[in-house]
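Quick look at what TrEMBL annotates:
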- 33-274: domain 'G-protein coupled receptors family 1 profile' (DOMAIN)
- 22-42: transmembrane segment (TRANSMEM)
- 49-68: transmembrane segment (TRANSMEM)
- 102-128: transmembrane segment (TRANSMEM)
- 140-161: transmembrane segment (TRANSMEM)
- 167-192: transmembrane segment (TRANSMEM)
- 213-235: transmembrane segment (TRANSMEM)
- 255-276: transmembrane segment (TRANSMEM)
Amino acid sequence: ENISDFSINITDCTQVVVPEEVFFTVAAAGILENLLVLIAVVRNKNLHLPMYFFICSLAISDMLGSLYKTLENIFIILCKMGYLTPRGDFEKKLDDAMDSMFILSLLGSIFSLLAIAADRYITIFYALRYHNIMTQRRALLILAFIWTFCAGSSIAIALFSHEAATVIPFTILFPLMMVFILCLYVHMFLLARSHAKKIASLPTSTAHQRTNMKGAITLTIFLGVFLFCWAPFVLHILLARFCPHNPYCACYMSIFHVNGTLIMCNAIINPMIFAFRSPELRSTFKKMLCCTR
């Protein structure tokens, strides 16, 4: 908020504010949609597969992102109304907790996408050994490690966010992980055809190959949506840390509320991708919404 107020004085760019009604509507929709995904996977035993466990992890990350932005907006409103003092001890701890939730959401989304990408890679190139490599137990252990690491990292980064040594690794992690996933994609698609020829003699190879490639395409859509929704906000963090007094940086930071709303839009779009790309999940949604068995 201080950076936003300062930017008004050094740039002609006006502050873009998202109406509170729109903001809270988008946040509520994102939380409810991802909660619906979690309930669907729990209720349908056919969805108790490693791939859907990783999708649930991504849904939890999206819910945390929407919840973070909702709490932050409520916190700002209370400060403006005079119910909270920005420099109070309780408010400082609350702000650190919300920052930790934001970092946890971002890291959780990145590592969940990485886990989904690795799962698709194993499915395509080690199809005959997939169920031996990626068991339910192993998938749950991977998720336990991911969330333990993300929780510890989010707390450490939130407590020491004023240190450049903390901010720089955090901001570098985002593009590095994205580059790694993209490289995995390129390798996946380049070798997909040659791998398909090797298993073309198998009776179920055509249908299996089509299913695997559909999963890879779905993951590509996930990654594209994630970059579109999260990259502007990560850029905002970098600019706020390293060039807050620059007029061009301040002009970009004037759309802070728009970038925050994009994060919550990601939480709305992902469940729609799940429902559109997965017939089993789509069928479960219909049964749940229509209250049928």
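Cβ coordinates come from backbone N, Cα and C, glycine included.
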Return the stretch with the most CB pairs under 8 A relative to the transmembrane segment (255-276), choosing among 49-68, 102-128, 140-161.
49-68
For the transmembrane segment (140-161), sequence-distant contacts whose Cβ falls under 8 Å of one of its Cβ atoms, 6 or more beyond its ends
53-54, 57, 96-97, 99-101, 103-104, 107-108, 111-112, 115, 167, 170
Segment-level pLDDT (mean, integer) for the domain 'G-protein coupled receptors family 1 profile' (33-274):
78
